[in-house]
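Record features, source TrEMBL:
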type     : residues  : note
DOMAIN   : B:18-120  : domain 'Response regulatory'
MOD_RES  : B:ASP69   : 4-aspartylphosphate
REGION   : B:126-184 : region 'Disordered'
COMPBIAS : B:126-138 : compositional bias 'Basic and acidic residues'
COMPBIAS : B:144-154 : compositional bias 'Polar residues'
DOMAIN   : B:179-238 : domain 'HTH myb-type'
Amino acid sequence: MGKCMQGYLDEQFMELEELQDDVNPNFVEEVATLYFKDSARLINSIDQALERGSFDFNRLDNYMHQFKGSSTSIGASKVKTECTMFREYCRMGNAEGCLRTFQQVKKEHATLRKKLEHYFQLARQAGPKETARRSK
Amino acid sequence: MTVEQDCVALDQFPVGMRVLAVDDDQTCLRILESLLHRCQYHVTTTNQAQKALELLRENKNKFDLVISDVDMPDMDGFKLLELVGLEMDLPVIRVTHGACDYLLKPVRIEELKNIWQHVVRSRFDKNRGSNNGDKKDGSGNNEGVANSDPNNGRANRKRKDQYNEDEDEERDDNDDPSSQKKPRVVWTVELHKKFVAAVNQLGFEKAMPKKILDLMNVEKLTRENVASHLQKFRLYLKRISGNQQAIMANSDLHFLQMSNGLDGFHHRPIPVGSGQNVLQNPTDLGKFHHVSSLPLNHIDGGNILQGLPMPLEFDQLQTNNNKSIIAGNSMAFPSFPTQQSSLPNNNNHLVLEGHPQASPSAFPGHQINKRLEHWSNAVSSSSSTLPPAQNSNSIIIGHQFDVSPLPHSKPDSLEWNTQNASSSYSIPFCDSTIPLTSSMNTNPRAFYRTTDLDSNANVQPGVYYDSSQMRQSGNYGPTTDAMLSSNPKEGFIVGQQKLQSGFMGAEAGSLDDIVNSTMKQEQSQGDLSEGDLGYGGFSSLRTCL
């Protein structure tokens, strides 16, 4: 992973890269795609819930729990950190904290998405060998 | 037939193990699928618990293991686990983000590599307890992967050490209690009868070791002996009552049989209700009759067999000549003729193989233990220690023992371990007074599963009772489970013994084989020179704590 990824993705991401092989040549990208699809949906749900202003903390926490789970699976460390904060605010029933943190979650999520898109693009251009090298 | 398929499946363990992965999160599911593929398991995925249930119900034998997320919207993972455990007896591993569950997200490949152990364990359980061979026993579900449970690791290590120690001791003086160990108690039929009588008198639920001890009035029997025996007995009963309508009396007999191989109850209890005829030779029958003639406290005397939960395997053994339980056994017990041919290793699921080097005087257990240790170190390396005939299954078992994350019922292990030295009996109660108790506490869960690790009481009652049961096919079942659950090492040993007769119930087929082989051996051997090491060999040594 290049420097640009540092901090954004943890060793879990590397584990995923390990799983990529000839049988699964685009595994990481596939997983990333699934992740962003899922997480986009969750973000939407949370957004809507927050906009409603009802602040059903339980529900919010549930959404975030899922979101955090997939973020963890893909190794999205910064996103994960923000998710944790969000959940803390939920537990405390702190609406403002939730709103604020959620903005952070979205920000990190968007940043990660861009970075990964870039990363995969480069990987594709470079070819398999290059990808392997990059992964190190 | 199912058995065949099972055998085949087991044979390939862990490769080819059929896993059903359930997780509503697509990302996690995809990753899990890939990890499982890496482990060479055969994977089916679904993101809906309901769909998972359908798939499972469709064909109960289609999967060996279920791995499921616990936080799913349409159905709670726990609930799924429960249903799966109840209906299908499949081991279920739960995955969670949370702190104290079996597999934590993100799931790591190392952990997945160990999950087959759950299957093995639960199979053992199943074999031991159930009559019908068609179901897989999922009782071991709660065991969970050891990796995430530090306690298990500790417990296992502890047991392991204990075993090692025992092993050494055993080697030196089988017959007399070593200075470090307490004298072993061999639970003979008479002793057990007294025990049961005392328990009945006090009331099963209320029976306390001290009171039982007083009622029994047996010299040199300690409260600890009684306590551990009681624990085993209870577990045994739970196990069998869970599987079939076990009659108390039958349980006794079965239990004893399982535990006391020595007294001539070598044969496995005849599976009740199973069409199979376990006792194939008249000699066995004779023995069996002998057993049945024992006055059981409660039961109707007649039929020990009836109602005894015959381990599935037993039946299977009967039918399945190929299961090579024997193969394993022969090795372990030099006295027995190698029956390799009858048992194809590959199918054995859990045949514990005997050590080829096992010397008559030394309890095979030692080797087994060693083997177990080997296994724990590396599954792959185990092959080197295992006799060639052994198929991967056996390795698994051994391996399993080593790594068994869950502190399974100790009873099993204890028995095994202790047995090492004394071979004949050692296993079941032996020595392990300490380990027993410790294991007992921890293990229950292993086999039965469903919901919690600790709930497994299933541990095989048989296990307790002595390795001799090993000979009996019946024993295998429980023992196997017990073994697996509690302690890799232990299980191994026990299994070994059992192997002779028919190892582990993992596969019905193998059990049959084992049983068959055992029986054959019995027939042919009469008394082993070593004091029936093979089967039982224990008799000479038995010393239980």
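Note: Cβ is positioned from N, Cα and C throughout, glycine not excepted.
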Q) When the pLDDT values for the domain 'HTH myb-type' (B:179-238) are averaged, what is the result? A) 82
**Q.** Helix, strand and coil residues within the domain 'HTH myb-type' (B:179-238) as assigned by DSSP
**A.** 38 helix, 0 strand, 22 coil
**Q.** Cβ neighbour count within 10 Å of B:ASP69 (4-aspartylphosphate)
**A.** 26
